[in-house]
Every structure is written in structure tokens, then in C-alpha cells.
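Encoded as C-alpha cells, the structure appears first; notes follow it.
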Amino acid sequence: MNGIKQLHAHCLRTGVDETKDLLQRLLLIPNLVYARKLFDHHQNSCTFLYNKLIQAYYVHHQPHESIVLYNLLSFDGLRPSHHTFNFIFAASASFSSARPLRLLHSQFFRSGFESDSFCCTTLITAYAKLGALCCARRVFDEMSKRDVPVWNAMITGYQRRGDMKAAMELFDSMPRKNVTSWTTVISGFSQNGNYSEALKMFLCMEKDKSVKPNHITVVSVLPACANLGELEIGRRLEGYARENGFFDNIYVCNATIEMYSKCGMIDVAKRLFEELGNQRNLCSWNSMIGSLATHGKHDEALTLFAQMLREGEKPDAVTFVGLLLACVHGGMVVKGQELFKSMEEVHKISPKLEHYGCMIDLLGRVGKLQEAYDLIKTMPMKPDAVVWGTLLGACSFHGNVEIAEIASEALFKLEPTNPGNCVIMSNIYAANEKWDGVLRMRKLMKKETMTKAAGYSYFVEVGVDVHKFTVEDKSHPRSYEIYQVLEEIFRRMKLEKSRFDSLLQPEQLCI
């Protein structure tokens, strides 16, 4: 910085104009305050200098200053270039409304740059980020020539809004696809929870010899493998990532750890976590702590948290979800309460709904139902169905009718068409021989339109076929064979005298 100031002083003394060089050096540091003062005192501003500063303000999250400079450019009698519009469109995407962008769009249209593919791509992206997909699509449709980035920008817009049907219609219409095109739709399906389609698209991508998956593709596919239990494909992706040097990318490493954890390979996940060494980030720690908690290794999760603090990594809200989950699975009430209390007092983290949910679960499992209910009453946010459902489940286990009635009443308001709450409450009444309550639940179910959503599981078969099995469904082409196998399994279970917990009630009281 001292060198720049000395050069600036030399220019002022000698009258040599080195503003362009000085400005670019200042923006590299960056020192926007000094750069703006230099710019404002410069007598012969040009579009190039305006563009550099407009871009700098956008990059450093000051989009309003970019707009101010864009307006000054016109007052100075200068014409914006295609670079100007590209930078100002990108800056406008940070606003809460699409109105400024529409005004800029109209000026862009009159400027003669409307056929510039690069600017149109940025304009489509900006409209999409602001949720103005109709405007983005209009720009796309009015273009006479569309290159691959333009197609990708429009597909990404639909993907971000969760409209995968529109995204796939465009994707299928593309004359030529690149790795970004494939990765965008794969990521879209994965982020929207449609893991089977994400995996199917990846397997189709592998057949396209003109494209090669990149590290973003790998990061997008691994969650699908994790949630579908596709360990073999996950292993193949790990090998591919290592061969292509993608394991230098922390996001690839974290996604791989998550995949192995969810596929039950916790020891492999731990080994990969140790391999990361100093490369580990907060996401790595959170993923490993959460995985250990999920697999019942609560002591290891807490030990890892202590190591995390020793190494100077600051926890966040996600960290404490994993820690409290470990306490829930380990039945460690006191430790859970200590951690919950430390969130605000030590780490300055405000507990969220999921943290309260963990605490309700923790207290409920050990029978501290009144304490759990008291905690719900102190929550700064409105308890959701998960919180009340957790309390109701605990009441069912411990046979507490009084608090169960409070929880069920809240659930009936939040989920009036969910029959599960009525069934649980009916079972609680029956276990305590309160048959009038059972009849009341039965009448409520008949009065209200309650339908239970069918449960299902995904199983990935050979090739790209993913089969969805629904409870009592017979639409599968091999359903006869499937049910034959199930009957044989049930027969063998009975022979082994497997015991099922079921509550038998008088026929007139059954739901």
C-alpha cells in the first residue's frame, strides 16, 4: 500500500497520469475507499475505469454502489460497453426486486448489445436469481442464437426454483450438452430429494462419451448414492475422484465421508476424515460428529467435538444438532443439558427448532415428560409437529395420558388429516384402560378425512432402472414373485418364534 501511495504522490508532482494502473492496483488489494477517491478526483474518466470500479463493487458485495457508478457514467456523457452491462446485470441480481434489472434491461435493449450472448447469459442468470423466470425465459426465447452457456443459465434458473420438469424439457431440447448441463440437472434432482432420478441421470451421463464428470458432478451424485444406499457406485465415484485429482477439493472429500457414513461404512468415513488432516473445514467436523452420533458412537462424537475445539475450529448450529443427537442416543441427559446451555452462554449460538427437538427427545426418552413440556413452553419459536410428535411418542412409551392429551391437541391443529396421531393417542388410552378415549379417537377418525400416506423404499437395480416399492402395491411387474418371497420370510420368522409387539383390543374398539 505504501508503494501505491508513493506512486500516486509522484504522479501528482510530475503530472503523469497513471490513474488506470493505480486504480487496478488498488482494486487488487482491495482498497475500494482509496480507489473511489482516486476515481472521483480523476478529470478524464473513461468507460474502462467505470467498468473496473463497477465490477469491484459487485465482487465485494456493494451492488448499490455499482448502480450509482452506472448512473454517473451516463452523466459524464459516456456510453456503457457490453462489459458494463455484464457487470451491472450481475450486481442487480443481489437486489430484492427485479425492477432495477428491468430498467437496465430496457437500456441494454436500446444500446445495440442485445445480441451479445455473454451479456444475455448474465441477464438470464440475474432474472432467475430474482425469481423472475418469465423475464428470463423471454430473454432466452428472443435470442436468435443460443450457445451452451445460455441454455445452461436457463436450465439453472428452473433448477433453483425446483421446477425440474421445465429444466428437463430444456435439457432434452439442447442441441449440444456439456458437463455443466448434465451436472445442473443431476444437482437439481439431488437437491430436491429425487435421488433416484439424480442417479439415473448420472448413469446416462456416463454413456455420453463427449462429456466427462467434473468435481461438481461428483459432489452432486454422492448425496444420491448416500440416500439410496448405493455403496458400489459411491466407491466407484471415490476411485474416479482420486484418479482425477478431485480429492484436493474439500467438498468432494466431505461428500465422500457423508456417503460412506450413510451407507453404514462408518470406519471408512473415519479413515477418510483422518486423511484430511489440516484440510478439514467446519463441514468436515460436523459431518463426522453427526455420523458418529447417528451410528450410536456417542462417546466418540463428544471426543471429536473436544478435539475440534482444541484445534481452534468454532462450532455452529449444525455442530450442536449432531452433539445433542449423540446425547439422545446415549441417554446422556446431563451432558445434553450442558451442551444445550453452552450454545448461547459460551458459543453465542441461538438454539433453533431442531435443537429444542433434540432436547425434547432426550428428556422424553428418560421419562422427564413434565420437564420436556416445560421446555416446549419456553421455546422462542412456535413448536412444530415434529416437536409435539416427539413428546407424544415419549408419552406413549411411558404411559402419560395427561401430557399426551396436550401434545395430541396441538398435533390435531397442526396436522388435522394425519391419522397417526389419533392411532398413538388411542393406544395410550387403551394401555391405560380409558376406553371412552379410544372411542373418541375412533369417532374423530371417522369424522375427519384422514388418510395415511403410503410408505416406500427405493432400490436401484441393474443399469439405470430404479424401482420404487410401495406398501401393498402390486403394480411392479414381478410383484407375484416379490410377495411369494415375503410370505416365505414371514413363514420362517414364525417358525423362529419372532415376537412382534402389538396391542390387541376388542373388535369394536379397534381402529
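Here the Cβ of each residue, glycine as well, is placed from N, Cα and C on the backbone.
Checking the ranges 207-238, 463-494 against Swiss-Prot, the region 'Type E(+) motif' annotation falls on 463-494.
Here the repeat 'PPR 5' (182-213) has a mean pLDDT of 95 out of 100.
Taking Cβ pairs closer than 8 Å, the repeat 'PPR 6' (214-248) reaches residues 179, 182-183, 186-187, 189-190, 195-196, 198-199, 202, 205, 255-256, 258-265, 458, 460, 466 in its own chain, all 6 or more past its ends.
At the 8 Å Cβ threshold, with sequence separation of at least 6, the repeat 'PPR 9' (316-346) lacks contact with the repeat 'PPR 2' (81-115), having fewer than 3 such pairs.
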